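Asker: Feature table excerpt (TrEMBL):
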COMPBIAS  972-990  compositional bias 'Acidic residues'
DOMAIN    219-301  domain 'Potassium channel'
DOMAIN    318-433  domain 'RCK N-terminal'
DOMAIN    459-545  domain 'Calcium-activated potassium channel BK alpha subunit'
DOMAIN    741-865  domain 'RCK N-terminal'
DOMAIN    985-1085  domain 'Ca2+-activated K+ channel Slowpoke-like C-terminal'
REGION    970-1001  region 'Disordered'
TRANSMEM  21-42  transmembrane segment
TRANSMEM  85-102  transmembrane segment
TRANSMEM  122-141  transmembrane segment
TRANSMEM  210-230  transmembrane segment
TRANSMEM  250-269  transmembrane segment
TRANSMEM  281-302  transmembrane segment
Amino acid sequence: MISTERVPCRSLHGQFNERRWGYFLLASAAMPVAILIPLLIWNAAQKIRDHMAGPDAPRKRKNWQARINVAISQIVSDQTTTGQILKLFGFIVSVGSLAIYLDETSRPCLDTELCHQAWTTNVFWLVDMNFNSYLLVYYLLRLLATHQKLRFMVQPTSFADYFNIPCSFLAIFLNRNWFGLRFLRVINLVWATDLLHRWRILKNMAQVQLMRLGIVILVFIVSGGGAFLVLECGGDFWDAEGTHVENMTIWDYAYFSVVTISTVGYGDISARTTMGRVFSTLFIFVCVIYLATLMSSVAHLLPAPQRYPQSDRNLNFNHVIVCGHVTSEMANQFLSDFYDDAKTKGSDKIQVVFLHPKEPDDGFVVLLNNYQSCVEYIKGSPLNDADLERARALNASVCLVFANLRASDPDADDAATVLRVLSIKNFCPTIKVQVSVIKTSTLNFLRKYPSINLRKGDVIFCFKNLKNGLIGINCRVPGSATILSDLIAARSPAETWPDNCPELYALGRKMKPFSVPLSSSFWGLNFKEVTAICYRKLKILLIGVYETFEDSGEQSNFIPNPGPSFVITEMCRGQIICATSRESARATFYCDKCHPDVNPDKIRKCHCRRWKRKTKVVVPTVLVHGPTKGQRLSLEYSNRGDLNMGSRKSCFAESQNKKFFADRRDSFSTRDKLQLPRKSVSEAVMEQYKRSVSEPGTRTLQLAPEVVKPQFDSTGMFWWCPPQNFENIRMTLQQAAVREFADHVLICMLATGQSPASGIHDIILPLRSSVLKYSELKEIVILGDPEVIRPEWHFICTTPKIFIVEGNATIPAAVRACYINRCQTCVILSGGISATKIDTSEDTVLADRDVIVTTLNVKAMDFSSEGFDGLMDSLSGRKFPYEHGINIPMISSLEYERSVRFLSQDRNYLDFRYTFAHMSGSVVVSTALDSMMTSMFYNPGLAMSFTQLIYGGESTDFERAFAEGVGLVGGETDEDVDEDGDADRDEETEERASSAGSSSRRMKVQLKLMSMKSEQFDRLEGLTYADLWSYALVHYEMICLGLYLLERDTDEKPVKKSHRGKRYVASNPPGHVRLHASDEVYVLMPSVIIQADS
């Protein structure tokens, strides 16, 4: 009869009461010995046979053994189906054997030995013996298959077989079983990991390691519980009857093992026997040491706790992806600018997703918690398509790629930026990208990349080019850098401002550029009329228009102040300067029927039919050269639907003449015309190379400037001269002193020979713009290390009136030799953060140390003892030489805004934009441009419009020439251009120039600073700014942008001594401001555009 009854042997009498656990232990130890002895005999016999046999015998025998090993290996290998089935059965029978052991030990323990009268009737022991019989065969097969048999015999799974297989057979023979070390069968559970990984259920190594770690912990718990059960329930072997503990199960001791491993020890269960206490001491040491080695694995395998909120990615649509150089400082400024600007623009629901390969630091986590409703952080890289998929790049509206502007290796950072852009465009070619780069070469490369389409909204710009361009235009138009940089700033200023800040400047700081569609009421009107309506009725400033492409709807080809020749159509967007987006919307919602006399603040979208149909449309017109100003060729249609606007590609397409317009104004003494080349750019480049090769290598330095025929470059945007030899214009300090410079621009370069490219050509080009007369070009003197300039010499060698003086600008004697007290402007240019050798770990302001020290040195200089005849600055009307260095007009190039406080006597806690150094335009700060990415998100054409204002125009040939890396190339000399730069060309000459060489459009734009004492405005003294604005637009077609005012005493607030005689800018001041004779006006001259025949 089959029975499962098993009773403790201690409760029986006679022979069953004897202890037999030593037999089981001896049998377990005999199994490896029984296997090891034949193996040693076999190996010794092989060596003897190999020694006695011939040379061919071992090879044959080894081949025979190898075939057997290969056959058995294929049977037990996990890579074969047979091997996987054998291991699966081995795992199943191991679990079954372990289950039998747990069943026996789950009852209250009275003895570690269980007895049964007839083994043939005990089903559990019979099953366990069959299980172990299979495991014995499986063990022998694995032993024969392995080449390293001794190593196999000491593996943990082998010990599980040693203490289970002999005991199962001995239990049948003795009619009793011993708990012993049968708990080691739990080690065979590791086979489950191998099988699941082989069957692709565990797909990666992290899952495998995590499961293996869980099995190891289970082995420790079960093994500890089984060992404590045997030692405590069996008692000490020298006093078993007096020390054994009854009525405990393996689960009680498993709990005790966990408590012991955790080193807690609650005291409810404890070791009573001596052997149990010794094992407890050893067990806790082994567990602590072994588990400590697993802690690093646990940290990597277990998911990190979520330190920041995570939004639902399924909700992300038309969101913004930010990648590249992402830090907590950068993110803080970006989010502050972005959402502050979003409130201004009315788009506060835009989601931002940061994509970065590293975990966010503590500062970043704080930001994510503050913006948890609209910001998400994804750990990943834009170089990985899977991460771009997680960021939902296919649904994103734009991807912003930030460069590290303070990188120690600009080349490496730009290379990483290029790879990010290429990866994003390859993953999603239609996504818009806005990319900031450090070097001009990277800018040119990305613009030529096929997937980059500027017409689709992609924007690539270089921070260094923009900053240096602002410095250059600030030399030509003092204070203009402040106006433009304040327009870039995305963050709205505070409603209140410091007491020492002029009110007009504070009001001008609120002005921001907005690109908006123009109302249908403006269609058919010329730009001059629309500008007047916007300023007088809508109280906003319209400074230019964008063309829009019909296929994409994106804006392009910004035209500042196109003049009365340009007629507004539905394909135009206006560039508005105003304080808020609600004010800019007036240009979109204005209706001449519904809003003729309405307060501008109450203008809202009306519902009249003008939004759907315009009854009378004047087709864009062309101002034809002739004696009558304003003569137009126009076609009038009685119905809006009769005009097919769908075939139009831009505002220029409906022009009756391919040459859009060439604006001529008899009221100006400066009637500059665009000199177009008679040859293509490639021909001009080859001719320049031939000319440079044919020139002699050395010439004698001429201290007097060489008289050359005035000539434009091939693009018509800049004045040009034949390439100059570097050594010919290089001079020492002694030669510079003999030269006696006056009314020049002095550029003090503090970079060393190890510095990266300074981009000095971006400063020089605005000073050589063709919008200036040749006689108005200032001599440019560069003081510094010639080796810094040499790598960039091919960009500036064709610019006239340039000199290089070798010297150290930090030494007062060097700048004195360059006649700094007689210069028009002094620029102090740093070598950049990547070039400085100063340790900035204490404070980042130390990166600007050289610029600060040099600026303060110049301000402290005294020239009163030097006798010079008084001269007059032709631009600003200031008299020089200056007797004190503090009066010298200077522009300091700084990296960090916190450095401005060292150059200004204002309070240190003020925002640097409220310091007089910034208000007057005497500092240009890199961090002031950090908001450019945010501003361009809402106005993608902003970078292009600023470039046009800085360089004085636009030309596709100009970008193409610099992309080729050759700089400016010369065009043919026009005999109609005199030495003053005037071009009195008749209609035939203009037509010939417009159709020559290149088919691209050329445009000249001039931002000018005019004095109220000038011939045009002298009669307006005492009137209001609104009167000045209207007068300039009506009589000269100029748009006034702001004022450059002297700080004057008032009854309410006297001027500080340090500010007396200083000027500050006021962007778009209120119309009621009274004008003084000392004021100067920023005006935007009408653009001169020539569209050549295609």
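Positions of Cβ are set from backbone N, Cα and C atoms, glycine also.
Describe each of these features in terms of where it is and what it packs against.
Answerer: Through the fold, the transmembrane segment (21-42) approaches residues 112-113, 143, 149-150, 153, 158, 161-163, 165-167, 169-170, 174, 178, 180-181, 234 of its own chain, all at least 6 residues removed from its boundaries and within a Cβ separation under 8 Å.
Only residues 6 or more beyond the boundaries of the transmembrane segment (85-102), in the same chain, are considered here, and those with a CB under 8 A from a CB of the stretch are 75-76, 78, 124, 127-128, 131-132, 134-135, 138, 141, 160, 164, 168, 179, 182-183, 185-186, 188-189, 191-192, 194-195, 226, 250.
Only residues 6 or more beyond the boundaries of the transmembrane segment (122-141), in the same chain, are considered here, and those with a CB under 8 A from a CB of the stretch are 2-4, 6, 72, 75-76, 86, 89-90, 93-94, 96-97, 100, 103-104, 116, 158, 161, 164-165, 168-169, 171-172, 177.
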Asker: Using DSSP, what's the helix, strand and coil tally for the domain 'RCK N-terminal' (741-865)?
Answerer: 49 helix, 22 strand, 54 coil
Asker: Which residues of the chain, 6 or more past the ends of the transmembrane segment (281-302), have a CB below 8 A from one of its CBs?
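Answerer: Same-chain contacts beyond the flanks: 206, 209-210, 213, 216, 220, 224, 227, 257, 260-261, 263.
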